[in-house]
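Colleague: Quick one: the structure is below, questions incoming.
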Amino acid sequence: MAKRFALMLAVVAAGAVLGLPDGTPGRVTGSSWYQPAVAALLAVGLYASTRSIDPRLLRTDGRTVLAAVTVGVLLKSVVIGAVLYGVFGRPMYLVLGIAVAQIDPLAVAALGRSSRLSARGRGLLLAWASFDDPVTTLLTIYAAAVAVSLQGGGRLHLGVSAFTVDLLGNLVVGGLALLAARAARSLPARRRFWIETAVLAAVFAVAVTEFWVLAVAIAGLGLRPEPPGRSADRPLERAVDVAFVLASLLLGVVLAGGVRPLQGVVLGVVAFAAQAIVSVPLTRAQSRPDKVLLAIAQQNGITAISLALLLEPVFPESVAVVAPAILVVNTLYLVTNAAAGARAFRGRPLRGADPRPRTAAEGRGVAAPDPHDA
């Protein structure tokens, strides 16, 4: 996490330097390629999020995950948005509160061996983070349209004329992708791989042109091309890393137009605190150490960055506020987790932690079922 955070800071700084020439941020956000580029970055992150979900992990904590990504995400968004709106009095902050409400699943998966969570806790956190990315994206798009109307502005342009049509389009395209994946299961491995790859490419093309990025997230639940005899995990990880760097670079370019440090700090602190508040009723069945670690699990990454970039043309201060908020959230994550490890668990494993050697899958952040949780 620390290395990934340092990389993000360095790339954002480089982007800010590129954006220093007068008028560069405005020219970038107003360009014809800006929205498709943001859509592509967001789609890559969402696909990686849902593809990483292991259905077996939902058997133990399925109800908790469902509550976390529905009631939990909504409650976090309301808490963050209400506080920010109460302090600053602008509808925009209701939207920004949602944009940073999700837990970055890619950062969770990258924890690997460094995680102090038990196997059950790791599985719950990864599933929670993976599912709340698309839910947060959906809520952000809808809330942005509402906030624009409250401010008396124009409609939020996201590819087609109405939010309802957008949602239906996402469901149809994503559903067709899942049906195609199901139909291809009986085919030989090589033919199945190429057919699934073609379908996935088509879904991405629609997502970029129409901004139906949720269709990609839906497709990730079942459309997972695997080359015969090899794993697609490593190429996907590289694609996500590239998308993360590009999103951070673009964030820096836009951030050169100005920063709102006070608003960003408040947003970051409230977002981190909201995770701790919401996690209390959602983690009652977890061990005490897992409850603590899940309460301080808030991290932001490519999805929060992409959503800030998405909102910038509509709410011109979005990046100026969200960028420092991401800095605050991730700093709080590193500090609180280091403190939890040093003070509460020094020299001994967490009660309920998994003492078994990690498998290769667990090293990528996918936890195997814990026999103690049976």
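Cβ atoms here come from the backbone N, Cα and C positions, even for glycine.
Below are the features I grabbed from TrEMBL:
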{"type": "COMPBIAS", "residues": "351-361", "note": "compositional bias 'Basic and acidic residues'"}
{"type": "REGION", "residues": "349-374", "note": "region 'Disordered'"}
{"type": "TRANSMEM", "residues": "35-53", "note": "transmembrane segment"}
{"type": "TRANSMEM", "residues": "65-87", "note": "transmembrane segment"}
{"type": "TRANSMEM", "residues": "93-112", "note": "transmembrane segment"}
{"type": "TRANSMEM", "residues": "124-150", "note": "transmembrane segment"}
{"type": "TRANSMEM", "residues": "156-181", "note": "transmembrane segment"}
{"type": "TRANSMEM", "residues": "193-219", "note": "transmembrane segment"}
{"type": "TRANSMEM", "residues": "239-258", "note": "transmembrane segment"}
{"type": "TRANSMEM", "residues": "265-283", "note": "transmembrane segment"}
{"type": "TRANSMEM", "residues": "319-340", "note": "transmembrane segment"}
Colleague: Cβ under 8 Å, sequence separation of at least 6 from the ends of the transmembrane segment (193-219): give me the contacting residues as numbers and ranges.
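Modeller: Long-range Cβ neighbours of the transmembrane segment (193-219): 35-36, 39-40, 42-43, 46-47, 49-50, 133-134, 137-138, 158-160, 166-167, 169-175, 177-178, 180-181, 184, 187, 225-228.
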Colleague: With Cβ distances under 8 Å as the criterion, find the stretch in 35-53, 65-87, 93-112, 124-150, 265-283 that has the most pairs with the transmembrane segment (239-258).
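Modeller: Comparing 35-53, 65-87, 93-112, 124-150, 265-283 against the transmembrane segment (239-258), the winner is 35-53.
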Colleague: Does the transmembrane segment (265-283) reach the transmembrane segment (65-87) with at least 3 CB pairs under 8 A, where each pair is 6 or more residues apart?
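Modeller: Answer yes: the transmembrane segment (265-283) meets the transmembrane segment (65-87) with 3 or more Cβ pairs below 8 Å.
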Colleague: Looking only at the recorded stretches 35-53, 93-112, 124-150, which one has the largest tally of CB-CB distances under 8 Å to the transmembrane segment (65-87)?
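Modeller: That would be 93-112.
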Colleague: So if I exclude everything within five residues of the ends of the transmembrane segment (35-53), which remaining residues of that chain have a CB under 8 angstroms from its CBs? That is, six or more out.
Modeller: 105-106, 109, 126-127, 129-131, 133-134, 137, 204, 207-209, 211, 213-214, 216-221, 224, 236, 239-240, 243-244, 246-247, 250, 301-303, 305-307, 309-310, 313, 365-366
